[in-house]
Amino acid sequence: MVMEGGGSGNNSTPTIDKTRVLDVKPLRALVPVFPSSSEAPPYGTYSSGFSPFYPFSAPQGSQATPDLNQQTHTTPAAPLRSFRATESNWDASGGEYESYDGSTGSARGRPKSSKKRARKIHDLDFTLSVDENDFVVGVSLSERDDGNREVVHSIQMRFDALRRRLSQLEDAKESPAGIIRRADLKAGNILMTKQVRTNMRKRIGTVPGVEIGDIFFFRMEMCLLGLHAQSMAGIDYMSVRNGLEEEPLAVSIVSSGYYEDDAEDKDVLIYTGQGGAANRDKGATDQKLERGNLALERSLRRGNEVRVVRGMKDSVNQASKVYVYDGLYRIQESWVEKAKSGCNIFKYKLVRIPGQPDAFGVWKSIEKWREGLSSRAGLILPDLTSGAESKPVALVNDVDEEKGPAYFTYVSTIKYSKSFKLTPPAYGCNCQNACQPGNLNCSCIRKNEGNFPYTTNGVLVCRAPMIHECGPTCPCFPNCKNRASQTGLKVHMEVFKTKDRGWGLRSWDSFRAGTFICEYAGEVIEKVSQVGEEGEGDDYVFDTSRVYESFKWNYEPGLVEEDGSIEAIEEPNVPSPLPIMYENNRESLIHIAFFAMRHIPPMTELTFDYGKSRLGEAAADGGSTSRGRRKCLCGAPICRGNFG
């Protein structure tokens, strides 16, 4: 269970040279050519089989990364009115693109080339045969057109669960060299085909169920949720009636940093149009006033709101990208200037609508804290662990004058006050290097029902409540991927004072669904009463005797051609509801590890389900178990209401 949270940041707005921003006349005199009826619509219905679907079936527009080695030209800007709309067709899918990179590819798309790629994109050849009875869509017809927060969370979690399972299956195979594994495209392909999606009805403005600050690690997530319908193109648009004619209006853009965008200001974005960049077949050319560029120009004239998604490097994994939905902007100005390649490119100045919660601004504030450019407001200690963790854990209070929890000692792992016999003696693996997915000779993998519990980048896939990791006496490398919970913190945490809930925990970094957050460390005691009277002093006690909801990653086995027998391994006979077990000197040790249920933006308070008493809730009206019960203030819509 994760609550939404936020932070703030203040960046100054860059000065714009007004001499380069010229008056642009309306383009209503230009008549764009619309798609023929044979072209696939951007949103539509499909058969129950594995048929082509948008955004892969419809062509998309083109643009590649400009040559940044060229000298910058300073030719005065030309007005957009000097450029006329091209005679070629425009369509709401954004032009002719290949669906190549849905997570870290070009922000505006990649132009088609007649030459073969050096590497084969394996995942686009995926075929599927699914029994309809094995799969429950769980999305009503009305929710497919207009979503809500619950549906958005469900679809996003189902996508990533399916993507992780497909990654796990691919990791266990021996694939030829040069094969590009794209489990995100494969998962999106499956869910699109099965109509597990929402907000299919295109719209200008907010998208139901998607909130400012939401983060995404793959472009396909935004397609499934209706935030941005292009799997690659950076400009998404729709057709609207203007008198007797129709015209394209921009609905959303993605700024990923691949073009000459000025994207450092938290309230102003200078966005570069699409097309014209060099590719394998030809050099750079002038951008044309067509497709997405034409839609942005018409939106400038109409003054409609445009959704903006900002892309940036993932601070935890620099090889990947994270996208944050930054809210609604309006296009204020447009002009033409010379790019570094020497060609004409379109520029659009978008200004954030005031009064919206901070999103990208939070990231910019954290960036300044890391670089020491500004101090963290309310900082008490930069690292309350005193070096016990590889990453610092700050102590922050910007609410009142309290200086921290009293009598607090930081520990990084579980401490046993006396010897506990947890389980019979156990033995680790005999792998000499690192445990490899698919290696059934590894005893630790066999304990996990033959599946490696994590993907190769350490993201949890296992659906069972008990995970067997390699222990200290296993001969495999210390960086073996089957030790995900034993390598300490990977992100910059902070303990912070809340307004009404005591001390909480949050991170300066984002979490991808399935990633390890931290271990619930501390002293193991037999009874809560050992820390005081019932209900006193147990605010931070994890009670293993309580009943916790069985959580599953919510993908249907039928989607990956598995039968329902997988359900049988999800309720193993374990001594307690603790998720991690590994051996040390032939004795099994149990640890409590927290993983992210879904993507968590930075500065979001981390919470978990306290569970319920095994005696039930019947005593809530005055029985003995009602003592010490307190109202929970987490604010989550599925909150139990009380704990203790």
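These residue numbers are counts, starting from 1, taken along the chain as shown.
Cβ from N, Cα, C; glycine included.
Feature annotations, reproduced from TrEMBL:
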COMPBIAS  59-75  compositional bias 'Polar residues'
DOMAIN    205-352  domain 'YDG'
DOMAIN    427-488  domain 'Pre-SET'
DOMAIN    491-611  domain 'SET'
DOMAIN    628-644  domain 'Post-SET'
REGION    57-117  region 'Disordered'
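Note on the domain 'Post-SET' (628-644): mean pLDDT across this stretch is 77. Counting residues of the domain 'Post-SET' (628-644) by DSSP class, helix then strand then coil, yields 0 helix, 4 strand, 13 coil. When the domain 'Pre-SET' (427-488) is classified with DSSP, helix, strand and coil residues number 11 helix, 4 strand, 47 coil. Helix, strand and coil counts under DSSP for the domain 'YDG' (205-352) come to 19 helix, 63 strand, 66 coil.
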